[in-house]
Amino acid sequence: LLSGVNKYSTAFGRIWLSLVFVFRLLVYVVAAERVWSDDHKDFDCNTRQPGCTNVCFDHFFPVSHIRLWALQLILVTCPSLLVVMHVAYREAKAQQHRAELGDGYRCRYPNPGKKRGGLWWTYLLSLIFKAGVDVVFLYIFYRFYRNYTLPRLVKCQLPPCPNVVDCFISRPTEKTIFTLFMVVTTCICIVLSLVEAAYLIGK
């Protein structure tokens, strides 16, 4: 996938791919999973009421931060695979016609990777989709984690909690730093996708 996307991308697309691979995928695999591995285990509330801690955790973390990030990475990289598949389809078609009509066949796409016709639309729509996915996830993260920060203390008064309960998040500063890093890299990726779309349309 990496070699295929790199081969058929513009210069902006190659920068985008490097950014996603190094600063998003590798950071996710190497560090981020470990940072959030203790989020439920070390979520402490000053009560022994059965079920209270679980209810409060579910309220403040409706979806695991790390799983949201994983879903975002999957959805962002899928359109690039679609472009590679479109080029492979063109190459297979050209090979099939050459086999049927012989060497005298004049290929419709002498360079299957050249972005024109249907492939141009596929590539452009993949850029718009990638930017759209990143914008949607930025909004989701903002709704779940206000200002993309995690507070040290949260107050919970949901049943079955007997009263207002203080709950403490594990390593909120470290998680906030990783969240902000994710937000910054996502914003750069959005800008790169939009610049590449403008470049593609202009060219």
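Positions of Cβ are set from backbone N, Cα and C atoms, glycine also.
Residues 28, 141, 144-145, 154, 156, 158-162, 165-171, 174-175, 178-179 of the same chain sit 6 or more residues outside the domain 'Connexin N-terminal' (34-67) yet have a Cβ under 8 Å from a Cβ within it. Look at TrEMBL and you will find 34-67 tagged as domain 'Connexin N-terminal'.
Counting residues per DSSP class in helix, strand and coil order gives 44 helix, 8 strand, 16 coil for the domain 'Connexin cysteine-rich' (133-200). The domain 'Connexin cysteine-rich' annotation in TrEMBL covers 133-200.
Residues or ranges marked as transmembrane segment by TrEMBL: 12-31 (among others).
According to TrEMBL, the feature transmembrane segment maps to 69-89 (among others).
Listed as Cβ neighbours of the transmembrane segment (118-142) (distance under 8 Å, sequence separation of 6 or more from its ends, same chain) are residues 8, 16, 65, 68, 72, 75-76, 79-80, 82-83, 86-87, 90, 112, 148, 179, 182-183, 186-187, 189-190, 193-194, 196-197, 200-201. Among the features that TrEMBL reports, transmembrane segment is placed at 118-142 (among others).
Among residues of the same chain six or more beyond the transmembrane segment (177-201), those with a C-beta under 8 A of the stretch's C-beta atoms are 10, 12-13, 15-16, 19-20, 23-24, 27, 31-32, 35, 65, 69, 72, 76, 115, 120, 123-124, 127-128, 130-131, 134-135, 137-138, 141, 145, 148-150. The transmembrane segment annotation in TrEMBL covers 177-201 (among others).
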Give residue numbers and ranges for long-range contacts of the transmembrane segment (12-31): same chain, 6 or more residues beyond its ends, CB-CB under 8 A.
2, 5-6, 66, 69-70, 73, 76-77, 80, 130, 178, 181-182, 185-186, 188-189, 192-193, 195-196, 199
